[in-house]
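Pulled from TrEMBL, these are the features on record:
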BINDING   HIS89, HIS91, GLU95, HIS134, HIS296, HIS298, GLU302, HIS341  Fe(2+) binding site
BINDING   HIS89, HIS91, GLU95, HIS134, HIS296, HIS298, GLU302, HIS341  Ni(2+) binding site
Amino acid sequence: MAIEAWFMDESDEDPRLPHHRNPKELVPLDHLAELGVLYWRLNPKDYENDQQLRNIRETRGYNYMDLLDICPEKLENYEEKLKNFYTEHIHADEEIRYCLEGSGYFDVRDKNDRWIRIWIKAGDLIILPAGIYHRFTLDTSNYVKLMRLFMGEPVWISYNRPQEDHPARKEAEARVVSKPLQKFQGSSAKTQNKIRAMVATEKDPREEVIQAWYMDDSDEDQRLPHHREPKEFVSLDQLTELGVLSWRLDADNYETDEGLKKIREERGYSYMDFCEVSPEKLPNYEEKIKSFFEEHLHTDEEIRYTVAGSGYFDVRDRNEHWIRVWLKKGGLIVLPAGIYHRFTLDTDNYIKAMRLFVGDPVWTPFNRPHDHLPARQEYVKAFVHKETGDHAVDAAA
């Protein structure tokens, strides 16, 4: 599963608690990458023979390694050291930690000095760049086993805040504000392009109206969120790699919205109508909602713009896992021709969606299996078998 991160609340409760805000504000991996935090998902059960770990070490020059167990029973002067770890500080060099067992929290400051909590578990390797303000603590499991990596002889000197005049801190600020890619030598070109494209904004505004996550296998009410445990969120970049495009628009002014007008003109959406889905508004509601939730594909794009309410579009990833896409007011998505998908309401039981079409409206579902259709074969070629390259910042498990 992917690493998880979120903005922290201001509570003074036990630092080992999650400290989610209410409502929760999750942070995508691309946002961490903008701050210089890199991430890999590795195999902790075979770290001694792991070729991917070996490649990372060789590429980035990590020639020294040791292991550290952090728990009351295994760490001398445990209380004092844990207190030091949790004091806000920087280092003059990168901090590289690979979680082999257990779990814990690394907290980092964002561009606006807000705390982001990063929950690392077995298999997660993260790199905190030199000069970033951060701290560490265990979670309520009270145990983590970490591999520490260094360039040359190990050095772990912390400089407690404030350290604004420290050269490493000045370099960190310059890197985030004006040179976001300066120290991403270990990232693929594709990852760097993603970071470059997103660095102009602190948070992608689409995330407020479009969220996505991997679904569990429960047969409970389809209108429930169906998160996995623990939750596994999917970034909008991952959706893009599956061909799913998305925008955030002004739903209160869709008739005069220049953003919507531009999308329609550029993509040739010449026809538009509205569909209200609710028990009160949709004739033959039960039959239609059942048909919407049958896994199917279309031979053309499916374009839906939520102008009121909300609902779920579920799509298959390359490995046949269901991803649930929660579309709320202001969110517009385009599902590519040939992608297997389905739709349902959420527990609010209402959505008003604008439907867009190229030419005359056609809504013909082909229930699975329809792998022989040209639209499906073209989709598989374009997105399922597409080379994705190496991701230093990997949002998939």
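Using N, Cα and C of the backbone, Cβ positions are placed for all residues, glycine too.
In TrEMBL, annotation is done automatically, which means it is predicted and not curated.
Here the features listed in TrEMBL are painted onto the structure.
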{"residue": "HIS89", "record": "Fe(2+) binding site", "Cβ contacts under 8 Å, 6 or more apart": "TYR133, HIS134, ARG135, SER158, TYR159, ASN160, ARG161, GLN163"}
{"residue": "HIS91", "record": "Fe(2+) binding site", "Cβ contacts under 8 Å, 6 or more apart": "LEU128, ALA130, GLY131, TRP156, ILE157, SER158, TYR159, ALA168"}
{"residue": "GLU95", "record": "Fe(2+) binding site", "Cβ contacts under 8 Å, 6 or more apart": "ILE127, LEU128, HIS134"}
{"residue": "HIS296", "record": "Fe(2+) binding site", "Cβ contacts under 8 Å, 6 or more apart": "TYR340, HIS341, ARG342, PRO365, PHE366, ASN367, ARG368, HIS370"}
{"residue": "HIS298", "record": "Fe(2+) binding site", "Cβ contacts under 8 Å, 6 or more apart": "LEU335, ALA337, GLY338, TRP363, THR364, PRO365, PHE366, ALA375"}
{"residue": "GLU302", "record": "Fe(2+) binding site", "Cβ contacts under 8 Å, 6 or more apart": "VAL334, LEU335, HIS341"}
Taking the Cβ of HIS134 (Fe(2+) binding site) as the centre, count every other Cβ atom within 10 Å, in any protein chain shown. 24
Counting every protein chain present, what is the number of Cβ atoms, excluding its own, within 10 Å of the Cβ of HIS341 (Fe(2+) binding site)? 22
